[in-house]
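Peer 1: Can you keep this structure in mind? I'll have questions shortly.
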Amino acid sequence: MTVATGEPADEAAALPGHPQDTYDPEADHECCERVVTNISGLRFETQLKTLAQFPETLLGDPKKRMRFFDPLRNEIFFVRNRPSFDAILYYYQSGGRLRRPVNVPLDIFSEEIRFYELGEEAMEMFREDEGYIKEEERPLPENEFQRQVWLLFEYPESSGPARIIAIVSVMVILISIVSFCLETLPIFRDENEDMHGGGVTFHTYSNSTIGYQQSTSFTDPFFIVETLCIIWFSFEFLVRFFACPSKAGFFTNIMNIIDIVAIIPYFITLGTELAEKPEDAQQGQQAMSLAILRVIRLVRVFRIFKLSRHSKGLQILGQTLKASMRELGLLIFFLFIGVILFSSAVYFAEADERESQFPSIPDAFWWAVVSMTTVGYGDMVPTTIGGKIVGSLCAIAGVLTIALPVPVIVSNFNYFYHRETEGEEQAQYLQVTSCPKIPSSPDLKKSRSASTISKSDYMEIQEGVNNSNEDFREENLKTANCTLANTNYVNITKMLTDV
């Protein structure tokens, strides 16, 4: 049972221990004040406190959104994409959750995020939600001279001299590869035999004739070509190393590792030839040295990967394979299981056949691999009915196994391909000529050739353009002496004059 006292409400509120609730009508009015936003004729209504959660954005900053205010209709007017604003408004209402509508393309929604100035964090959140792979930062050296040298050797499209250096590097790589292939022709290759003459014993290794008292390999044309190529590769590698922004990160780059692998075999081979002594030239040691030299010289073929530094296509392929390692691992795992199953099955299916081509399960591995990959050399074939059934199932299983991860790999390739082409389109020369009062920005002087620019750099350039336009618009509100060709801007001064 509740008992009501006879004390007035005001007196009870004034007693000690009773909190006094103060009511501020103006604060409550500001809290509940609503604002209307018109997006190309579609009107949205929300509270100001909702927009004020993100004061750095276009709608959250009163000064920024006032540029688009229409005093006649008492609303904010934008000529923007209407379906995108549902997600933009929900970003304010939910406190920072951003999700692209399914009927809005990626590029359009990205432009809307930049226009409403939701910030870098919102853009990164959106990109992660869409499955974009975060781009690695590519810092530049702080020293001006090192920066110029680094751009000259690392970014072929940064300037004309950089292109010339890239062309020279590609030509040297091609000459080295052609020389590596031509020296194996029979007309250039010497047989491994001992030649005795003039008291000097010679031993030939691969294409080089090595003399213990007087070497003739240094006059070999292929050796001279190889030496010239190595001189260029070494010079290029050392210049890159001394100009790089991070010495520790330099050796973690796969391209620099390829450069090292392309150079080291020459010096190992040269050192082995020079260190050879006549008393060590026994047959066993000669065969061992020959095998080692052949393996080392085989590593030279990896020099072809140096072309990927100057080829966007090879870079895209490498990035695709790197991003698809999980799918490729699953593919190899599935193939491994299939090889074990079908090689075992075909062995037991052909076990009773006297002329069976599958003497053991390991011998059947090769047949299972070429069958599952739909190559089918025909060097090993089943002859019994059971073996042919197993072979048919093996081929069908191979097709299905290989086809499953292919769409994911193709999707990754399309992503990296479009990212590279988009980066080239975004790195165009930006120049604003609509009004002489627009301040020039040094960030706008980016040539189209700078296709290596990252998306973060492009967003900074875009932000610089927006800031320049904002400064001009604020001046335009005061002077009204210049017209800016922008459909998203409402000239309040002109509107009031017309009224």
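Using N, Cα and C of the backbone, Cβ positions are placed for all residues, glycine too.
Okay, so Swiss-Prot annotates it like this:
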- N207: N-linked glycosylation site (CARBOHYD)
- 362-373: intramembrane segment (INTRAMEM)
- 374-381: intramembrane segment (INTRAMEM)
- Y429: phosphotyrosine (MOD_RES)
- Y458: phosphotyrosine (MOD_RES)
- 1-27: region 'Disordered' (REGION)
- 1-125: region 'Tetramerization domain' (REGION)
- 312-325: region 'S4-S5 linker' (REGION)
- 374-379: motif 'Selectivity filter' (MOTIF)
- T252: site 'Important for normal, slow channel gating' (SITE)
- 1-160: topological domain 'Cytoplasmic' (TOPO_DOM)
- 183-221: topological domain 'Extracellular' (TOPO_DOM)
- 244-254: topological domain 'Cytoplasmic' (TOPO_DOM)
- 276-289: topological domain 'Extracellular' (TOPO_DOM)
- 311-325: topological domain 'Cytoplasmic' (TOPO_DOM)
- 348-361: topological domain 'Extracellular' (TOPO_DOM)
- 382-388: topological domain 'Extracellular' (TOPO_DOM)
- 418-499: topological domain 'Cytoplasmic' (TOPO_DOM)
- 161-182: transmembrane segment (TRANSMEM)
- 222-243: transmembrane segment (TRANSMEM)
- 255-275: transmembrane segment (TRANSMEM)
- 290-310: transmembrane segment (TRANSMEM)
- 326-347: transmembrane segment (TRANSMEM)
- 389-417: transmembrane segment (TRANSMEM)
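Can you tell me where each of these features sits in this structure?
Peer 2: For the intramembrane segment (362-373), the list of distant contacts is 335, 338-339, 342-344, 346-347, 380, 391, 394-395, 397-398, 401-402: same-chain residues at least six beyond its ends, Cβ to Cβ under 8 Å.
Sequence-distant contacts of the intramembrane segment (374-381) (same chain, at least 6 residues past either end, Cβ-Cβ under 8 Å): 357-358, 363-364, 366-367, 391, 395, 398-399, 402.
When pLDDT is averaged over the region 'S4-S5 linker' (312-325), the result is 85.
Of all Cβ atoms in the protein chains displayed, 9 besides its own lie within 10 Å of the Cβ of T252 (site 'Important for normal, slow channel gating').
Look at the topological domain 'Cytoplasmic' (244-254): DSSP puts its residues at 5 helix, 0 strand, 6 coil.
In terms of DSSP helix, strand and coil, the topological domain 'Cytoplasmic' (311-325) has 13 helix, 0 strand, 2 coil.
Here the topological domain 'Extracellular' (348-361) has, by DSSP, the following mix of helix, strand and coil residues: 3 helix, 0 strand, 11 coil.
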Peer 1: Using Cβ atoms and a strict cutoff of less than 8 Å, what residues sit near the region 'S4-S5 linker' (312-325) while being 6 or more residues removed from its termini?
Peer 2: 133, 254, 305, 405, 408-409, 412-413, 416-417, 420
Peer 1: What else in the chain is close to the transmembrane segment (161-182), if you only count residues 6 or more beyond its ends and a Cβ gap under 8 Å?
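Peer 2: For the transmembrane segment (161-182), the far contacts come to 151-153, 155, 188, 222, 225-226, 229, 232-233, 236, 300-301, 303-304, 306-307, 309-310.
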Peer 1: Using DSSP, break the motif 'Selectivity filter' (374-379) down into helix, strand and coil residues and give each count.
Peer 2: 0 helix, 0 strand, 6 coil
